[in-house]
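Read the structure below first, then the notes.
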Amino acid sequence: MAVINFGSINIDHIYTVPHFVSPGETLSSSHYHSVLGGKGANQSIACALANCEVKHVGAVHKNDAPFVDILHTAGVNTDFIDQQSNTATGHAIIQVNSEGENAIVLFAGANHQLSSVRIDSILNNAGKNDWVLLQNETNAIGDIIDKAAARGLLIAFNPAPMTPNIAALALDKISLLFVNEVEAMQLTQTTTIDDACVALHNKYPNTKVILTLGKAGVKYMHKGHERVVSGFNVNALDTTAAGDTFTGYFLATYIKNEAAGISDPELALKTACAAAALCVTKSGAAPSIPSASEVAQFLAE
């Protein structure tokens, strides 16, 4: 049983600023560094650190092979990452303000090089109990959803960054849907989170929805049943990879629990909340994702 993550790989260029830059403003940064990022890469690392087998499907420019090595070192299977000659690696320009909040500009680059032939090749070799993990930073999302579902594979989808085309996808084929409050309202075209929750249930009654609430925690919804788990109180330094850490840890823990016959999602929710809380206490994206032992120790305290 493995997670097949058709995921982005970005180089994150991170600038520490007193506030987010305004139109027409030139703003000095007090600190700069570059690290491995991308929602896909972050979620693969989180899954791997949570002791789940994960295969990352993606692409980078060949000059950026050291970033692939970071994934490999974290325990991710990188055999399915293409190293290309003519397409730049995806990257992100990230501002982190004094409150630890972030604002991000993305360039897709090699993340949009997935072909139908390659998708078929990967899915044709998937195990019957494998999961497919998706975010909205690669191309061919709809194609992957349809083909994975046709093969009977379970799909986890984090439709971020949210774009207008997401609502047209066959989201009823998704087993686990991860959204934050803004994404939930955008997806359902509602103006309150309560209305969004009702709309999500009505539109996707068979999908398990995991609604992240930032510092407040998370709400799990499925077929009229809800489970709310509170977040942990920590001093946030950088929230860049918090959502990705949550997604990876939840999916990894959920899969292991399901295999063990544990259907209650509470342990997966608490573990993922703890991992996300630890993540925001460190700077950067991939480097901030905690290990399973760190999460276990945090939960035991």
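Cβ atoms here come from the backbone N, Cα and C positions, even for glycine.
The active site, proton acceptor annotation in TrEMBL covers ASP244. Marked as substrate binding site by TrEMBL: ASN10, ILE11, ASP12, GLY38, LYS39, GLY40, ALA41, ASN42, GLU137, ASP244. If you look up TrEMBL, you'll see ASN180, THR212, LEU213, GLY214, LYS215, ALA216, GLY217, GLY243, ASP244 marked as ATP binding site. Annotation comment: TrEMBL describes ASP238, THR240, CYS279, LYS282, GLY284, SER288 as K(+) binding site. Feature annotation from TrEMBL assigns domain 'Carbohydrate kinase PfkB' to 5-291.
Distances between the Cα of THR240 (K(+) binding site) and those of the binding-site residues ASP12, LYS215, GLY217 are shortest for ASP12. Candidate recorded positions: LEU213, ASP238, ASP244. Nearest to LYS39 (substrate binding site) by Cα distance: ASP244.
In this structure, ASN180 (ATP binding site) is part of a beta strand by DSSP. In this structure the alpha carbons, written CA, of LEU213 (ATP binding site) and ASP12 (substrate binding site) are 24 Å apart.
Looking at the residues that bind substrate per the record, ASN10, ILE11, ASP12, GLY38, LYS39, GLY40, ALA41, ASN42, GLU137, ASP244, the two CA atoms farthest apart are separated by 15 Å. Between the CA atoms of GLY217 (ATP binding site) and CYS279 (K(+) binding site) there is a gap of 14 Å, rounded to the nearest whole number.
Each of the recorded positions ASP12, ASP244 was scored by other CB atoms within 10 A of its CB, and the lowest score goes to ASP12. Other Cβ atoms within 10 Å of the Cβ of ASP238 (K(+) binding site), summed over all protein chains shown, number 22.
Look at SER288 (K(+) binding site): DSSP puts it in a helix.
On its own chain, GLY284 (K(+) binding site) has ASP12, ILE14, HIS33, VAL35, GLY37, ASP238, THR240, ALA241 as residues at least 6 apart in sequence with a Cβ closer than 8 Å to its own Cβ.
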